[in-house]
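> Can you read through this structure? Questions will come right after.
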């Protein structure tokens with residue numbers, strides 16, 4: 001079989017272009033994507049809900065209202081949990097499968113939601129945030145990989161981006177819930193407690209779904225894998241896909257026993273892929289996205305809008321734009337491509353952060369003008385409008401497809417951990433940095449980071465639109481060893497640098 005005739009390759013698509021839309025209409029593929037994407041919903045809901053709940057937690061607990069550090073800890077303890085969950089999630093996925101990893105994440109998340117809702121003091125609340133973070137961390141590794149491995153490569157980018165849509169949808173839902181409970185006794189307890197409902201729903205639905213067919217091939221359960229693939233592909237594509245997976249994954253199984261975390265850094269091809277994937281995850285956070293989502297009501301209040309309800313309403317608009325932008329990204333990621341979309345997104349992020357920074361600089365010198373407050377809200381809105389179609393979905397999509405099968409769980413977990421560590425650093429430091437150097441200067445720093453991220457994408461991130469996993473693997477071989485290396489296995493040169 002030639003490279004151009006591989007299932008999912010660009011040559012194959014030219015022969016069968018009508019199949020791309022057919023895959024999007026396949027209810028089985030869509031069902032797998034939506035149910036797995038509920039993990040993204042949990043991620044997004046937790047990100048968004050704490051921003052509104054924090055306004056009322058400060059009212060209930062005097063110690064929290066007096067301490068920026070305690071506020072940052074309540075927000076960021078979920079990130080500590082997510083960091084641990086993501087680090088363990090790669091191993092859990094490889095050892096027990098994508099399905100069991102998702103079920104475990106749901107149980108831990110639901111338990112954490114119950115603990116938060118019942119918390120009698122800030123410290124039990126922090127414990128609940130840690131548990132929720134553990135669940136989110138495992139889910140953040142599992143959902144993109146599960147969707148990618150059950151998706152035809154023609155639409156893989158769009159389907160993996162659906163997980164990001166669920167994240168932004170969860171953020172939007174969290175602001176709706178926040179607004180709904182502003183006048184209800186117990187406010188923040190309801191806001192945090194209802195987060196367990198989607199986890200329970202996903203747990204029940206996931207019991208009815210199959211394991212990833214690629215994982216089943218690795219575990220030598222070929223009959224089950226073929227049964228699942230038959231619901232995704234039509235014959236003869238099914239036959240081609242099975243033959244191709246069998247030939248590729250036979251080698252992967254033999255090499256799986258030798259896979260270790262150290263190999264990620266020891267083997268040049270894997271190291272390059274991980275550097276690109278982890279770098280994207282780090283920059284996604286360091287340009288400030290979850291600072292905006294965690295603290296958007298607080299930022300709106302900093303801009304001069306002091307009502308809790310008004311701050312939540314304006315933040316709801318920001319979240320709606322985030323969700324709408326992600327829908328656009330789902331379309332663009334398989335049309336414009338990952339790399340071009342990321343670069344366009346980062347360019348807009350730089351411009352919007354400069355506007356946001358300027359509005360806070362001038363607002364501090366003329367606090368009587370409402371205009372500068374609205375300029376800050378405009379900057380936030382533009383930031384989300386540019387970020388959400390590009391740097392929202394691109395890092396997760398790229399990380400779901402740039403690693404060989406034997407390393408996908410390990411590298412996916414490590415890369416997600418980088419995302420959560422970066423998220424933790426930003427969330428834990430934002431309010432303190434803003435107090436120390438000013439909000440305007442803080443956003444200017446983020447703009448500088450976005451410029452560095454732009455350069456990083458240009459230099460280190462290849463285009464993977466429409467490529468099979470094996471074609472992506474060939475890209476890293478060529479980057480590592482030159483164009484003459486394509487006949488060599490990616491994993492054969494383990495002892496070379």
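Note: Cβ is positioned from N, Cα and C throughout, glycine not excepted.
Sharing the record's features from TrEMBL:
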type     : residues : note
DOMAIN   : 32-465   : domain 'Major facilitator superfamily (MFS) profile'
TRANSMEM : 28-57    : transmembrane segment
TRANSMEM : 69-91    : transmembrane segment
TRANSMEM : 103-120  : transmembrane segment
TRANSMEM : 126-147  : transmembrane segment
TRANSMEM : 159-181  : transmembrane segment
TRANSMEM : 187-209  : transmembrane segment
TRANSMEM : 272-295  : transmembrane segment
TRANSMEM : 310-334  : transmembrane segment
TRANSMEM : 341-361  : transmembrane segment
TRANSMEM : 373-398  : transmembrane segment
TRANSMEM : 410-431  : transmembrane segment
TRANSMEM : 437-461  : transmembrane segment
> Where among 310-334, 341-361, 410-431 do we find the most Cβ pairs under 8 Å to the transmembrane segment (437-461)?
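Ranking 310-334, 341-361, 410-431 by Cβ pairs under 8 Å to the transmembrane segment (437-461) puts 341-361 first.
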> Same chain, outside the transmembrane segment (28-57) by at least 6, Cβ under 8 Å from its Cβ: which residues?
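Long-range Cβ neighbours of the transmembrane segment (28-57): 64, 71, 74-75, 78, 98, 102, 105, 109, 122, 125, 129, 132-133, 135-136, 139-140, 142-143, 146-147, 150-152, 159, 162-175, 177-179, 182, 187-188, 191-192, 195, 198-199, 201-202, 205-206, 209, 231-232, 290, 293-298, 308, 311-312, 315, 319.
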> Across the domain 'Major facilitator superfamily (MFS) profile' (32-465), what is the average pLDDT of the model, as a whole number?
84
> Hey, would you say the transmembrane segment (159-181) packs against the transmembrane segment (341-361), going by three or more CB pairs under 8 A that are 6+ residues apart?
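Stretch pair does not touch.
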> Who are the chain neighbours of the transmembrane segment (341-361) in space, where the CB to CB distance is under 8 Å and they lie at least 6 residues beyond its ends?
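Result: 280, 287-288, 302-303, 329, 332-333, 372-373, 375-376, 378-380, 382-383, 385-387, 389-392, 394, 438-444, 446-447, 450-451, 453-454, 457-458, 461.
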> Hey, which of 103-120, 272-295, 310-334, 373-398 has the most Cβ-Cβ pairs under 8 Å against the transmembrane segment (187-209)?
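The stretch with the most contacts is 103-120.
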> How about long-range neighbours of the transmembrane segment (103-120): same chain, 6 or more residues beyond its ends, C-beta under 8 Å?
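Residues packing against the transmembrane segment (103-120) from afar: 39, 42, 81, 85, 89, 92, 127-136, 138-139, 142, 189-190, 192-196, 199-200, 202-203, 206-207.
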> Sequence gap of 6 or more, Cβ distance under 8 Å, 3 or more pairs: do the transmembrane segment (410-431) and the transmembrane segment (272-295) meet that?
yes
